[in-house]
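Chemist: TrEMBL feature annotations, pasted as is:
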DOMAIN    B:64-244  domain 'ABC transmembrane type-1'
TRANSMEM  B:20-45  transmembrane segment
TRANSMEM  B:65-90  transmembrane segment
TRANSMEM  B:102-124  transmembrane segment
TRANSMEM  B:130-149  transmembrane segment
TRANSMEM  B:183-206  transmembrane segment
TRANSMEM  B:226-244  transmembrane segment
Amino acid sequence: MNATVRPVPYVAIANAGKVYPSSHGAVTALSDINLDIRPGEFISIVGPSGCGKSTLMKCVAGLETITGGTISVAGQPLSGPPDGMGVVFQRDVLLDWRTILDNVLLQAEFMGRPRAQYRDRAMQLLDRFGLGGFEKRHPWELSGGMRQRASICRALLCDPDLLLMDEPFGALDAMTRDDLNVELSRIWQGTNKTVLFITHSISEAVFLADRVVMMSRSPGRIVDVIDIDLPRPRSLSIRETPAFGAYTQCIRHHFAELGILQE
Amino acid sequence: MTDWFRSLFTGESRTRDIALVLIGSLLLWEGCVWLFQPPAIILPAPSDIWQSFIATPGTFLRNMLYTLGTTALAFAISVALGVILAIGIVQSKFLERTVYTLLVAINSVPKVALAPLFVIWLGTGLEPKISVAVMLAIFPIVIDTVLGLRSVDPDMLNMARATRASKLDVLLKIRLPNALPSLFAGMKVAISFALVGAIVGEFVAGGKGLGFLVLTAQGQFDTTRVFVSLVLLGLMGTVLFYIVDIAERLALPWHVSQR
């Protein structure tokens, strides 16, 4: 059927569903999710609160189990958190009693790898994320944006093939957020990492992604997947171009049709 | 000289404020006794209490050291045992259902009333005193540490799980440091409870210590000696509390309360 060879998906989600039992009966958090993510692809998932986008990410991370369908990562069906994965959470979850460097190295410690081998890489990462010179500081001495940068460094320390990000910039102010979007985009480009990025900001989703997955709620489901065909590297000014505006407008329009946004 | 005198009443200094209140109260006390001349058996003057202390300072200090030793040993045992129990309770559903439930039930018993039982079981040496003190001091340690071990940000645990961290790593690198502020809160209560337990132990098992001195002085209607013992107890309790407070500052420079 296909003229070209389809690449093997790095993350394959087939008919995945998640049903929670609750005192008011079963709640369907995710229903019939189908999504193939190619290796090295940047996927944004955008949707309103309660659409199950964070639940979907936790399922891919192996932190929650699906109640139907299958998820495989690197060809392996999931049973718990997969190898070679880094996760960034909405809050930075840095340990207050450790320095920034020790917080980044925690990833290696938890994965049972020798700290000494990762020290240089940790310093390089901190440098690349503008945290050079702050490695001896404690998280509470840093701003929210710097803390979230450190938590991205931690997720990247062991060079994961898959990076999952759950609204990582949701708690930051608009300017810091723009800044980190550019930085993330720039750093991702030189790698072949597969990224699953959860956000509730349409323009953030379009700016970062190769494809934007739109989700809706009750039950949580995928309503559309949109290819973002914008040139890379992308700078913030791309947001003023007609092409960018067309994408965000199309997504906004679609959400409006679903009754999620007002037009 | 006048500058120094004026500085006593202006500006901010905690030590100075405390000293002024203490000296003021002592002067008021001394003045009232001088004015109203109550019998010494009811209320001795601060100067009489001081006289009584320097008459036999060795006796007082020796007994104070004994009480201090009992308190310190009981406190150390309570912290060690309490933290181990708390870890067990948090790590095992079975221990939570059994040991923790039992501990909470025992905690509602007035434990001081159990002191005579320990004399029957363990005699009149150091053991019953330590036992009573541990029984009082261990509860705040266990209950606060359990609380601290449990109140970990769920995303922090998710972060650890995503890396497939071992249970031991999660305990040592996340749960225990996270519980330290609660443990210190428990320790501040426990140090006072250990002292109370030691005194109660000395009341019922006798022989040595400030509690024993209070009891014998009371038997002889020597109110002044009772007061000397009480003052020494008060000093000891205050110093012990501040030792824990300073230890907390040194151990938790990262905690919100210390920044």
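Every residue gets a Cβ built from N, Cα and C, even glycine.
Just so you know, TrEMBL annotations are computer predictions that nobody has curated.
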Chemist: Using a threshold of three or more Cβ pairs below 8 Å, and leaving out pairs closer than 6 in sequence, do the transmembrane segment (B:65-90) and the transmembrane segment (B:130-149) count as in contact?
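Modeler: The transmembrane segment (B:65-90) and the transmembrane segment (B:130-149): touching, yes.
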Chemist: Are there three or more C-beta pairs under 8 angstroms joining the transmembrane segment (B:65-90) and the transmembrane segment (B:183-206), sequence spacing 6 or more?
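Modeler: Contact between the transmembrane segment (B:65-90) and the transmembrane segment (B:183-206): present, because at least 3 Cβ pairs are under 8 Å.
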Chemist: Report, as numbers and ranges, which residues of the same chain sit near the transmembrane segment (B:20-45): CB under 8 Å and 6 or more residues beyond its ends.
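Modeler: Hits for the transmembrane segment (B:20-45): 8, 52, 221, 223-224, 227.
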